[in-house]
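Chemist: First the structure, then my questions, so here it is.
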Ligand SMILES: Cc1cc2nc3c(=O)[nH]c(=O)nc-3n(C[C@H](O)[C@H](O)[C@H](O)COP(=O)(O)OP(=O)(O)OC[C@H]3O[C@@H](n4cnc5c(N)ncnc54)[C@H](O)[C@@H]3O)c2cc1C
């Protein structure tokens, strides 16, 4: 018996583990472990849980139609997985396990424990790197170290894919006879424990089929204009595929393949190349996470920045969470996040930089808050984005990069359409005043004045980062 162990790869297409399992000798079965304790400890948003569980139900049906039974096990605690897997293996006489590799530290440790146990039982495990385009330890600098600067990484990434990219097709050998989806009751019970308002779930469609349709729609309608439009949050210009990519209802290989095909149309070439660059960012942060375990312990990528002394001001933090900072674009973005479970990429940068630089709150508080709300909450991308914005991470530009929230607003929402939608208190303002409503306070009695001034932020940030660096160098000197 061959077992496909599903994780964040809830699909049947472009799935090497499934394909290889079907090509191996003997029947195939599948399993997924629900670990709510793990979700709790990572603060995973209820909306994301809902997305994953519904996608799992669809996957179970899809597999059943092809003669494969998906078992869903409520493992509760993550540490129980190796033992529960071992009993499933014994019960079904499994000889080989096929899975898509995961790179966060806990997952790698779990897999090591499983490998040791399976080795004793004589069960072979084969892992595949389908959650990324380029496996995380493949590309190295001339010195043999991981790439930490995106532009240099991207050059090698392009070359590697040119030589090695392939996409697994849907296995032809899937049995015609149907099987039973054995896990639906377990999934439905878990769904009963997830409470998400319909106002949120109505906005999203879980599952592989919806993800494939969304990819097709995006490539056909928006990909060509992606570079030109992607920074403007009032436009529907980006793919909205992040939830699908992070739960694996869609593979990055399918995205890359579709974008490359679209490049045969000269009009779409530039947009497609730019979008492929975002898939490279996704891989970049995954390889950073895989190779710097300190990130998984909540530490900064730049060690000296762990010495920064953040203010811990609950009132400021709460105002940011609730979209009451007095900066219209920041507030509109935070309200979009809470109301939809998603936020536009430019606004993720604007709001993250605002929390960490203007409000001088620890970026980890923002990282957690994003995780608690995002449907696409993904440790590598979220941590990477937060540390980039807070200048504790891989950004090649130094810490004095501070976005001016008013200039960002004037540049990327010039007509104020996005702001007017999410901050209706401001919708009557003209497209000049809407970016700086404090200049006309009588017109907006219900909207707060800025909670902190923009002036002086850069100086404060610069001083604090320099202080942390000096303290770090001294500590290093003492240690030496
Ligand atoms: C502070 C911060 C937090 C973030 N948290 C997450 C997160 O938890 N999960 C997540 O998937 N993305 C995260 N991102 C990256 C990015 O904002 C989202 O992937 C993007 O907005 C999703 O929208 P889309 O699918 O329309 O993206 P598109 O613009 O269509 O991009 C296509 C895909 O590329 C990937 N991608 C795009 N930009 C990035 C990026 N900067 N880093 C890594 N991957 C990227 C995503 O998988 C995305 O779906 C974060 C960025 C920042 C600055």
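Cβ from N, Cα, C; glycine included.
TrEMBL entries are annotated by machine, without manual review.
Copied straight from TrEMBL:
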- 1-133: domain 'Photolyase/cryptochrome alpha/beta' (DOMAIN)
- 226, 238-242, 275, 278-285, 376-378: FAD binding site (BINDING)
- 310: site 'Electron transfer via tryptophanyl radical' (SITE)
- 363: site 'Electron transfer via tryptophanyl radical' (SITE)
- 386: site 'Electron transfer via tryptophanyl radical' (SITE)
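Tell me what's around each of these sites.
Modeler: Cβ neighbour count for residue 376 (FAD binding site): 22 (other Cβ atoms within 10 Å of its Cβ, all protein chains included).
Cβ environment of residue 310 (site 'Electron transfer via tryptophanyl radical'): 360, 361, 362 lie under 8 Å away, each six or more residues apart in the same chain.
Long-range neighbours of residue 363 (site 'Electron transfer via tryptophanyl radical') (same chain, six or more residues apart, CB within less than 8 Å of its CB): 352, 355, 356, 386, 387, 389, 390, 392.
Within 10 Å of the C-beta of residue 386 (site 'Electron transfer via tryptophanyl radical') there are 25 other C-beta atoms, taking all protein chains into account. Mapped onto three states, the DSSP output places residue 386 (site 'Electron transfer via tryptophanyl radical') in helix.
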Chemist: With every protein chain in view, what's the tally of Cβ atoms within 10 Å of the Cβ of residue 226 (FAD binding site), excluding that atom itself?
Modeler: 24
Chemist: When a 10 Å sphere is centred on the Cβ of residue 283 (FAD binding site), how many other Cβ atoms does it contain?
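Modeler: There are 23 of them.
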Chemist: On the DSSP side of things, how many residues of the domain 'Photolyase/cryptochrome alpha/beta' (1-133) fall into helix, strand and coil, could you say?
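Modeler: DSSP composition of the domain 'Photolyase/cryptochrome alpha/beta' (1-133): 66 helix, 28 strand, 39 coil.
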Chemist: Near ligand 1, which of the recorded positions 240, 280, 310, 363, 376, 386 are found, taking a Cβ distance under 6 A to any of its atoms?
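Modeler: Near ligand 1, sequence order: 240, 376, 386.
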Chemist: May I ask which residues of the same chain, at least 6 positions away in sequence, place their Cβ under 8 angstroms from the Cβ of residue 280 (FAD binding site)?
Modeler: 133, 150, 153, 154, 157, 158
Chemist: Return the single residue from the binding-site residues list (240, 275) that has the minimum number of other CB atoms within 10 Å.
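Modeler: Each of the binding-site residues 240, 275 was scored; lowest Cβ tally within 10 Å is 240.
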